[in-house]
Amino acid sequence: MGDMLTQAEIDALLNGTSSSEEPEDATGSSDTTGTLTSQEIDALGEIGNISMGTSATTLFTLLSQKVTITTPNVTLSTWEDLSKNYSSQYVAVKVEYTDGLIGSNLLILKQDDVKIITDLMMGGEGVKIEGDLTDLHLSAISEAMNQMIGSSATSMSTVFCKRIDISPPKAYIISFDSSDPYGDFKQDEQLVKVAFKMVVGNLIDSEIMQLLPIKFAKELVSSLLNSTETKQDPVKVEPPQAPQAPVPSQMAPSFDNQNSYIEPPLQPVMQPQIPQPMMQQSMPNFGYDGVYQEPQRQRAPVNVQPAQFQAFDDGLSVTEKKNISLIMDLPLQVTVELGRTQKLIKDILEFGSGSVIELDKLAGEPVDILVNGKAIAKGEVVVIDESFGVRITDIIHPSKRL
């Protein structure tokens, strides 16, 4: 009997698998390997939208170029498959999550894209892409990704309802056909590939790729689903008796009205006129019934109109205000402009140490406060400890902002 095969072993042989592989599937090893469900793919796509949506705004601030990152395409792949489809060398930026989420991922960019981004960050036109990659390029792209992923971590903290921090990203040149290990990735294990189309002005129309270990990808999905359940729970436990709380306050005015209606001092004033019949007989009755009444006077109608005040709202509809809540975590560049002036080229060439440039602002005149290059307020310069600051004195009305 001990040498006979069980029905489960026979089925396993017919399916082309061995009985030794069944315990792996039965123990739920799909948590770290295997496929993704459609719900998990949608969740990863939503996380990618949140991350790259905020990152695009940050990259726009760094490059002063319009940045568009499209909806991601989430697929499963392996390192071996990537080596077949991506044969050349790329720039990898490793991002490690240290708080809230524990894991890492890789952002893969083309070398020419990195050169263009570096040139734009250095104040160039984004056309200097000749030559090999240097430490300057790797350092610049690391700083760009540090700010991009840092802003996306802030947005993810809001969505996941917990603090999320990252370590400074590290950039290096990578080749998928290499057999060297890359941290959490292994040659024969599945990974999640999230591909985005990235367009930067008229200079870049390429792809940026995010690689995640499947275990970390499932952790992201779990955090997103748990945060969604957490946000829905407070709605169910809302106390039903809360609207009845103002009932005692409705009783209080009735007592006040009763006390103000029964005023003892008012009746003694009216009653002394009643026990005086002689006075009433000797004087003609002018329509009074023995009780003093104030003569009725015809009053001119009063034209009451509501007061007109200047509208201080920003003119936004309710729908627009709800939409604004979706971008509350986006970082914006705030600049304080002391003044401006124009100089001839010959004057600029004569600048040297100690030269004084006169601006178009007078001493004590408010400075301009700009957000993303648009003036929104005025203020005065103050000193906070050892740093300069600005105190807002006037908010420019939205209709007057240029």
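Each residue, glycine too, has its Cβ placed from N, Cα and C.
For 41-74, 136-172, the entry in TrEMBL reads domain 'CheC-like protein'. Per TrEMBL, the feature domain 'Flagellar motor switch protein FliN-like C-terminal' maps to 326-396. Marked as region 'Disordered' by TrEMBL: 14-35, 228-252.
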Taking every residue in the domain 'Flagellar motor switch protein FliN-like C-terminal' (326-396), what is their average pLDDT? 85
I need to check the long-range neighbours of the domain 'CheC-like protein' (41-74): which residues 6 or more away from its ends have a CB within less than 8 Å of a CB in the stretch? 117, 120-121, 126, 144, 147-152, 154-156, 159, 192-201, 203, 208, 210, 217, 220-221, 224-225, 329-333, 372
For the domain 'CheC-like protein' (136-172), the DSSP helix/strand/coil residue counts are 25 helix, 5 strand, 7 coil
Residues of the domain 'CheC-like protein' (41-74) by DSSP state, where helix covers H, G and I: 23 helix, 5 strand, 6 coil
Let's see if you can do this one: DSSP helix, strand and coil counts over the domain 'Flagellar motor switch protein FliN-like C-terminal' (326-396), in that order. 7 helix, 29 strand, 35 coil
